[in-house]
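Below is one structure, written out as structure tokens; the observations come after it.
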Amino acid sequence: MSNKNVLVINSGSSSLKFAVIDSESGEALVSGLGECFGLPEATIEWKFNGEKCKEAITAPDNHHQEAINRIVKLMDELSLKETIVAVGHRIVHGGEKFTSTVRIDDAVLTEIENLSDLAPLHNPAGAKGIRAAMAAYPSLPQFAVFDTAFHQTMPQKAFTGAISHELYKEYGIRRYGFHGTSHYYVSREAAKMLNKPVEESNFITVHLGNGASVCAIANGESVDTSMGFTPLAGLMMGTRSGDLDPGIIEFLMKKGWTPEQVFETLNKKSGFLGVSGVTSDARGILEAMDEGHEGAKLAFQVFTYRVAKYIGSYMIPLSSLDAIIFTGGIGENALDIRSEILTNLGLLGFVEDRAGNEAARFGAAGQIAESELLGAKVLVVPTNEEFVIAKQSVELL
């Protein structure tokens, strides 16, 4: 264990994930989750040396601060306090202001809060986590790592929406993209697997989890991505619709729906959950399919078709393709979903290695297919966003 450990915090509106990461090896020395914030049943749990512990959070008014305070105490109990050199925060939206990791001061925190209009579900929660951590660790440097930062290399033709340019100038309406830290990490790991400099590598990275996005990476830089102004755009997801005709919003509002009802439906009642009518979880979809559930089968087909369609379209901004990279909870583990996506990409000549596909699960990286036509491979690379946050935080010390 090094003495350059970073406490990594991912603060949500009703939850808070944390981990102490060795910035040199990427090892998680302890990891945990506080959840059900704002409710009487709020808890915090953690895992250390293979053992799990769980406690209730009792402070009724500020569960975020109470969780951070418990983490501080936990660091003492586990003899980790003196090894922590920084606190790194995952922040969803950095707008055009933040193109890389930054050290947090009052001005940065204010700007993060000012960007809340662009990420109303995420940035206020991220700022709350920062304030709680700064109160608990006033002497430790704190850093913000932005989901949007990696995508700031997109050319204007890729991020510009085909609407009045005045809306971009006045409100910042454009494509920003998300999951940037994950796309960044797996592209670097894939380049190592291929023994090729990332600056000379072209990839299509496919992050599939409850949230999902695809990214085209040319010479190591993001040049296009499926999520847009918000994380609602792009692929079908666990509960999010992904791309949708905006005319549907007007149609529903004319039927008496409020903007809040439309927003709630598209964000929390669509995707796997909406199409299947069963579950938002990919594992549940696959289980229901095995039992002959038609809604689950349709959700599986819509999801895999749309992922393949995005992958195919992202051949356009690339001069060549070295690899397609699957990552995220679904991308790293659901071999049947990966297999169906590859079937939909048949025109591109990808031939599945079934044994390789079965082996590349549960934290194992590997090659699962190849296309002689394109000279490209299909890889599974487990993501490690916490390691990126820790490493980039330490680099700024």
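A Cβ is built for glycine as well, from the same backbone N, Cα and C atoms used for every other residue.
Just so it is clear, the model here is predicted, and its values are computed rather than measured.
Per TrEMBL, the features are:
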- ASN10, GLU385: Mg(2+) binding site (BINDING)
- LYS17, HIS207, LEU208, GLY209, ASN210, GLY211, ASP281, ALA282, ARG283, GLY329, ILE330, GLY331, GLU332, ASN333: ATP binding site (BINDING)
- ARG90: substrate binding site (BINDING)
- ASP147: active site, proton donor/acceptor (ACT_SITE)
- HIS179: site 'Transition state stabilizer' (SITE)
- ARG240: site 'Transition state stabilizer' (SITE)
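Features as recorded by TrEMBL, highlighted on the structure.
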residue	record	DSSP (3 states)
ASN10	Mg(2+) binding site	strand
LYS17	ATP binding site	strand
ARG90	substrate binding site	strand
ASP147	active site, proton donor/acceptor	coil
HIS179	site 'Transition state stabilizer'	coil
ASN210	ATP binding site	coil
ARG240	site 'Transition state stabilizer'	coil
ARG283	ATP binding site	helix
GLU332	ATP binding site	helix
GLU385	Mg(2+) binding site	helix
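Sequence-distant neighbours of ASP147 (active site, proton donor/acceptor) (same chain, 6+ apart, CB under 8 A from its CB) are ARG90, ILE91, VAL92, HIS93, GLY94, PHE178, HIS179, GLY180, THR181. Within 10 Å (C-alpha to C-alpha) of LYS17 (ATP binding site) lie the following recorded positions from ASN10, ARG240, GLU385: ASN10. On a Cα basis, ASN10 (Mg(2+) binding site) lies 16 Å away from ASN210 (ATP binding site). Across the binding-site residues listed here (ASN10, ASN210), the residue whose Cβ sits among the most other Cβ atoms within 10 Å is ASN10. Residues LYS17, HIS207, LEU208, GLY209, ASN210, GLY211, ASP281, ALA282, ARG283, GLY329, ILE330, GLY331, GLU332, ASN333, recorded as contacting ATP, have a largest CA-CA distance of 22 Å. Here ARG240 (site 'Transition state stabilizer') is positioned 13 angstrom away from LEU208 (ATP binding site), judged by their C-alpha atoms. Under a cutoff of 8 A between CB atoms, and with a sequence separation of 6+ in the same chain, the neighbours of ILE330 (ATP binding site) are LEU208, GLY209, ALA212, ALA282, ILE337.
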